[in-house]
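A.B. asks: Input: one structure, supplied below.
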Ligand code: IPM
Ligand code: MG
């Protein structure tokens with residue numbers, strides 16, 4: 001199979017983790033006889049530095065002419081600390097989601113037994129945790145009208161949803177639930193927000209077409225608590241843009257680290273794959289970031305290409321590193337491995353289709369603080 005992949009490494013640790021994903025894709029290509037043609041493009045702060053625009057037209061063109069987009073991360077402290085900046089890296093990602101019409105963001109929350117001890121949540125609560133967040137990605141408060149009064153003393157962010165925007169993601173979420181445990185939870189704030197009441201009405205209507213799926217409705221404040229108290233109750237979680245952003249970071253603590261979680265953003269004309277973490281500027285260039293979120297995003301990309309065996313090989317290799325302690329600093333502050341080493345180990349595991357052999361700690365760049 002030949003595929004064109006747009007690669008947008010972005011800022012901070014984005015390029016480092018994306019490089020590991022490319023190693024992994026190359027290993028998949030070598031083992032399974034595929035060819036992946038990478039087209040690199042800039043986005044975020046690096047794009048502002050180079051062109052003045054966080055999403056240059058050339059980047060959009062490359063994305064529109066590819067089979068999938070591999071995205072790293074965006075963000076730079078020089079903008080975070082300057083609320084008056086009118087051009088910001090995040091605008092690049094938001095505009096990209098909008099122009100590619102990536103209205104559904106899928107964030108699987110898996111936990112690994114070998115890492116249960118790392119989660120601040122008790123291991124008992126983590127048993128059987130396996131759910132997927134369907135976050136609406138191109139509507140709501142993120143994209144509503146933004147205003148500030150002339151005197152700067154008041155500001156507004158509008159939250160709007162149309163029935164159509166809710167319907168299209170809701171169908172995808174129900175179809176996904178049918179391939180899993182047939183359960184869907186809508187998270188909203190229908191006791192307060194008009195948009196949430198519209199979400200409930202639309203979801204209730206659509207639910208009649210999926211009668212084998214059990215639906216429940218949960219207010220977002222309660223959901224924030226339930227994700228910690230009893231996360232195993234969830235299967236498919238459906239929610240609007242802003243709530244999805246917040247609860248997916250929260251849910252990542254179940255896995256043990258934000259660095260582990262992948263995501264896929266899909267629509268009718270494009271698909272983008274990115275780890276859920278940010279650009280983590282403090283770690284940039286140090287070869288310490290966790291590449292697993294990006295690498296598991298590649299597994300989701302391979303699923304999207306219907307390369308099931310290939311996706312399995314990637315997940316299997318990633319899990320092998322976690323189980324065997326080949327983990328980055330966010331997972332183990334004492335015994336850890338470099339970003340690039342973890343990428344090499346996973347690529348090697350895939351290509352040889354057998355467990356990589358470990359020769360010495362030195363050659364693995366193992367950092368041991370004793
Ligand atoms: C995410 C991120 C983005 C978002 C930021 C970087 C704009 O937090 O993908 O979850 O808020 O959607
Ligand atoms: Mg977020």
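FYI, residue positions are counted from 1 along the chain as it appears here.
Placed from the backbone N, Cα and C atoms, the Cβ positions cover glycine too.
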A.B. asks: Same substrate site as 97, 135, 221 according to TrEMBL: which of 107, 204?
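C.D. replies: Only hit among 107, 204 in TrEMBL's substrate site, alongside 97, 135, 221: 107.
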A.B. asks: Can you grab the distance from residue 221 (substrate binding site) over to residue 142 (site 'Important for catalysis')? Cα atoms, rounded to a whole Å.
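C.D. replies: For residue 221 (substrate binding site) versus residue 142 (site 'Important for catalysis'), the Cα atoms are 19 Å apart.
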A.B. asks: Mind running the recorded positions 97, 107, 142, 189, 221, 249 against ligand 1 and keeping the ones whose CB falls under 6 Å of it?
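C.D. replies: Listed by sequence, the hits amount to none.
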A.B. asks: Give, as a single whole number between 0 and 100, the mean pLDDT over the domain 'Isopropylmalate dehydrogenase-like' (4-346).
C.D. replies: 96
A.B. asks: Check the binding-site residues 221, 249 for other C-beta atoms within 10 angstroms of each C-beta and report the one with the most.
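C.D. replies: Highest number of other Cβ atoms within 10 Å: 249.
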A.B. asks: Taking Cα atoms as reference points, rank the recorded positions 142, 189, 245, 249 by distance from residue 135 (substrate binding site) and give the first.
C.D. replies: 245
A.B. asks: What three-state secondary structure does DSSP assign to residue 221 (substrate binding site)?
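C.D. replies: DSSP assigns residue 221 (substrate binding site) to helix.
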A.B. asks: Based on a Cβ-to-ligand 2 distance below 6 Å, what subset of the recorded positions 107, 135, 189, 245 would you report?
C.D. replies: 245
